[in-house]
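*Asks:* The GTP binding site feature in Swiss-Prot is assigned to 479-486, 529-533, 583-586; the stated evidence is sequence analysis. What Swiss-Prot lists as compositional bias 'Low complexity' is 52-68, 97-133, 148-166, 179-191, 267-277. Annotation comment: Swiss-Prot describes 83-96, 134-147, 195-210, 253-266 as compositional bias 'Pro residues'. According to Swiss-Prot, the feature compositional bias 'Gly residues' maps to 279-332. Taken from Swiss-Prot, the feature compositional bias 'Basic residues' applies to 349-358. Taken from Swiss-Prot, the feature domain 'tr-type G' applies to 470-641. Sequence annotations record features per position, and here Swiss-Prot assigns region 'Disordered' to 31-376. The region 'G1' feature in Swiss-Prot is assigned to 479-486; the stated evidence is similarity to another entry. The annotation region 'G2' is assigned in Swiss-Prot to 504-508 on the grounds of similarity to another entry. Residues or ranges marked as region 'G3' by Swiss-Prot on the basis of similarity to another entry: 529-532. Taken from Swiss-Prot, the feature region 'G4' covers 583-586.
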């Protein structure tokens, strides 16, 4: 075949389909694209050797030569037609070692492969005990040549194994001509196959074999039993196996174009069923022209795979063990060339996968399978996820498919989408199923990591001790509602703030700075006023965190109240010193000593009782002992606190409260904790950012810079920051915007995870039923009030039949956008200390949106609670109307059975519910009185002592039965 062979041409030549041939090529490590692709000559040769149909003409034994055919050119024994088969000629006396040493098996690494055929055939097969072990070379020590001579009579006595005798001293016969179509060196006619070439002839289409690769590998078990060591005949010294032909003696190597075409396997002569004479020595009945050491007729050599025979009866070694260079291959064939067009060595087996395929399949295996979904398997690694993370975030951390996590959660009873925020418990449950430890990062840690990504820190003073300067103390006034906190601040500031508060209660945090004297020195003190109402728990906690010292105001006539205890807990949790101000000592019934005793239970022991807490009896209304209270505050601050900060660094602080001003936009009351805030600084507070355009103090005066412990109102935010958010100065607006955006996204995810109602598969039926839901939109004058109102509304205890959902919240007046959202979602708008803007009222009237305005927080809570209870399904209770006894029975073809009754108690009404009793046993539970007559006249009701006739929706009635009528009335909820 000229040039490279194509796959489909090889398939046609080998008698197989192209698909099978492509599969074989893939098993051998040769990857071709299609049947039209070409393959290299060594690959094509391996393919021809791999298919039995192609090897039947190459390696199978042939029958004897046909009558009339020309004899081979070599002086071999030929079979005469019609005559008896000649017996073996007795070997002539072989005088020298060359004749006896030629048939001896030589090691694969030393003996030349093309042994002399005449000398090989002259030596008959050795006895079974002397046969060499396959794959094992004989000892290298040369043995005397005598054992080879007496072996001739033994072989001659076997008529079934004729052999050609060697003539001593005569010329060696030349190599036999190769078969047509297999050897390109052949010049014989193509119409008749020629015998197999002798070992000395070069292999067609392949380089000259190296020493030790002369013959094909015999099949296992066909070479006879193995001889004991040392019985396989003498091992010749190097160079005694006959001269090696010179490179020019084999004829010129033809080009691929001059090679004759390979005959079709179907046109080759069939194998003979019986052994032909002239077979290989070592097994009777070999094919003519067989190689020394071969098996019987039609079989391969008797050596083990990958090893050569070692004694008479075994062929030359053909390569090493499998898997080694020069070894492997199919049994009886030469070893594969190491690294040539595929894997070196190694026998290609059909149906086996390569190591690469096995490795790829192993790497793609994933476990465990949760609910039929394959998930990655962890080794107890810790996965850090933000609060409110989605399954997509989780999948990105563990390199998994989000859809698989969704399916796994569905099988675990949770229905979520890939981008939906998931609560902490669900994430931990899913992580445990995959052997991961899910660690939900706290908001503080997440914010710290966010600032670290921008090389920012919060909460630490820069520089050393020499950079720190003293600052005023920050004092928070805490206590129960109506105990006089704001009046105390008014007395200290000599102002009147309380009258401006709705309902006389504080609903904001106010920050003020007061100048006072201590030992003749003027000292500044910053005061923060916190609400005392129960709804403002978060604001009190925020005030405790932003302060240095707390004044606990307790009314002497009221005692310790729930919000007093809560304020103590907030201050102790923030590790803040407490000074107790016992207020209202001027009122009747005031008992300051009782207050001291009650507070002892909470760890506040007065100094006069041996403790370390300072108690001051004051009257905020009369202004009694106010100076003593300020002195106690300053003394406690100087003794217990290190009030120093670095004023030269970028400002850091906390937003105490924030609101939306109609003319100025978002305004935040900020307490500077360290550094100095200046006009023009780029700032970020929570999810709000901006640039400081203006700063105003508590008196309304403009301030250019704010030092530590200075409360100011900051104008310039793009949105209203949350109360309690940390304020930070950054280098440029771009960084502030990026920090705010990421905080906003985190806040949204956490809020979505918190508000998502968990619905399991068991509750799916009931969840899909119509449920009552009250949607609210909250608008307030500042963010702290809106936050407190939302927390209070969510704290209303109500049945699961009704859900409360806050769909939007904000600071400022009610806008048209709020009205449109309320109209689309059937929501109610609650405005706290705000009113509708522009045409929002007209739009609300046109759309039918209800807007409620409140100025006191508990009024809003009470009305929302009533609305929620009104949305509940009514509760009915059963009320007995009366009883009637059946005295007679009448039958009618139109209405059925008619009962003549006497009303024994109460009243019997038409269409009322009833139950039928027989011998004080309920026969029918839900029966309706369908008709009622009195003296042949229809009646609506019949009272006690009167007779009546009635029909029931139950026909099995008897005389003596009792009819008990009742009705269901709605029961008011508590």
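Yeah, the Cβs are placed from backbone N, Cα and C, and that goes for glycine too.
Could you give the neighbours, burial and distances for every feature on this list?
*Replies:* Neighbours of residue 482 (GTP binding site), defined as other CB atoms within 10 A of its CB across all chains, total 17. Reduced to three states, the DSSP call for residue 482 (GTP binding site) is coil.
Restricting the average to the region 'G2' (504-508) gives a pLDDT of 44.
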*Asks:* What does DSSP say about residue 585 (GTP binding site): helix, strand or coil?
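*Replies:* Once the DSSP labels are grouped into three classes, residue 585 (GTP binding site) ends up as coil.
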*Asks:* Go through 479, 485, 585, the listed binding-site residues, and name the one with the sparsest Cβ surroundings, counting other Cβ atoms within 10 Å.
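*Replies:* So among 479, 485, 585, the binding-site residues given, the one with the fewest Cβ atoms within 10 Å is 585.
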